Amino acid sequence: MNHIRNFSIIAHIDHGKSTLADRIIQRCGGLADREMEAQVLDSMDIEKERGITIKAQTAALQYKARDGKVYNLNLIDTPGHVDFSYEVSRSLSACEGALLVVDASQGVEAQTVANCYTALDLGVEVLPVLNKMDLPQADPDTAKAEIEDVIGIDASEAIAISAKTGMGIDDVLEQIVAKVPAPRGQSEAPLRAMIIDSWFDSYVGVVMLVRVVDGRLQKGERFKMMASGAAYEANNLGVFTPAQQSRDALEAGEVGYIIAGIKELKAAKVGDTITLEKKLPNNLGPATEALPGFKEIQPQVFAGLYPTEANQYDALRDALEKLQLNDASLHFEPEVSQALGFGFRCGFLGLLHMEIVQERLEREFDQDLITTAPSVVYEVVKGDGEVIMVENPSKMPDQGKIQEIREPIVTVHLYMPQDYVGPVMTLANQKRGVQMNMQYHGRQVMLTYELPLGEIVLDFFDKLKSVSRGYASMDYEFKEYRPSDVVKVDILLNGEKVDALSIIVHRSQSQYRGRAVAAKMREIISRQMFDVAIQAAIGANIIARETIKALRKNVLAKCYGGDITRKRKLLEKQKAGKKRMKQIGSVEVPQEAFLAILQVED
């Protein structure tokens, strides 16, 4: 046990985390040279393309240190994005050490800081590493100062490396051996293992990635999940060196996989504790208490996904079910919209998660989708005191029946160079933000705001990047539900509500947003044979109106001269025809209209 080192790598997107992992695996001979490919641990195409890691992966490596001993290094690759923060915290709690990789040419970024604090809270030893030292613009001294200022850990011994050229990799491995503590666990205690991650393999079922904390699990033993109580038999265990290697047992302190013929991912929840099912003569029986930190993940952002062709509904459901096999945090339920037909209401962890799910549906399953505006969950207290959760604007009860609406508030940390503080503060105030704190760290500034999640969901991130020329970064965490004066704005076409176009906004912005959406619709919906009235309404109050004028034929073209009554007769006849058409005609709402709501400028 003293020769095991479990560590992970914390880094911002594109600071070289996966490249460093590749180098470490290569140095320890985890894969033959012919199997080495760039970003070995990122197995999904979309992970490689976006340069992000979504699912955790591991590699168990043997390293012969300078002191002549052989150490088992377990590298646990973590996702780096704030949407996947729960998965990050589980990956980190399975480690005793973490390499904090900072791009020497860019300095510290928000996501890194958030994950680094998570690591420090969990008592993980953090070793700073400066990457990209081969670049001419690398500035190690500033980067070290930033690490000390922003994160508050000693960076004087930060290791200078270049993952691309392979410089300094041995120093990193030596530091891991020297500074990362060995796992603390009792091999003679009842089995307790934590699920770090789980994914679905179409051949063997669910594969669980676990960190054994106490005791041991042998092949063929029956174990149970402490959160759900379900029991299974361990058909196959082993470790990844990234390639799969079977073993007969997993011991305390090790990180490996268990395959137990589980059919669905919901059964193997990330963060759950595994223990033995019952006491037998040759084992120590089940543990009494679970490992701390397990929680059910709640989706924060909802959107409707509809197939463009009605006959693609079943295909979309199959695609979502397949995605859910590998993504337990994706929720969906069937939904019917008058405007868009049959589809699904999907729940996501955040905006990146939503984009990735959409992109995977389009890319891996060839789906053509219509996506409605993302919305958040509101707590609504009805007149009779009943509290309901509303995740879809069209489900919001009538104004008269509502006592109060509470919206989700999040704490947002914004990091940026000090030149951009002004514009960023203006943006946060526009979004109804309340400033809580402001700290200067050298040239970097950290602003802390409380903002309604509903304001962040639409376009806050894009705006933040544009006002700060891409330098600002953010992370957020849910704080509480708070009473707020929000209203539902409906869009009516010729007096008919279009449910998929409803939005929930703060009353102070409702007039403006209603007008903007109506104006946008007027540009998008094509002219019909009759007048189309586009109205925005709150309850029964119309707050904005635009009219799309009818196309009309010049019925007077064939009258030369002649009496006015003759012309009037023809015009009246045309008018009556248009009126009749308006009663029976319906307006086609093009696909762009649903997306236009997202782009209404504030």
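Using N, Cα and C of the backbone, Cβ positions are placed for all residues, glycine too.
Listed in Swiss-Prot for this protein:
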- ASP14, HIS15, GLY16, LYS17, SER18, THR19, ASN131, LYS132, MET133, ASP134: GTP binding site (BINDING)
- 2-184: domain 'tr-type G' (DOMAIN)
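Mean per-residue pLDDT, taken over the domain 'tr-type G' (2-184), amounts to 74. With respect to Cβ neighbours within 10 Å, the binding-site residues SER18, ASN131 differ, and SER18 shows the lowest count. For the recorded site, ASN131 (GTP binding site), the DSSP three-state label reads strand.
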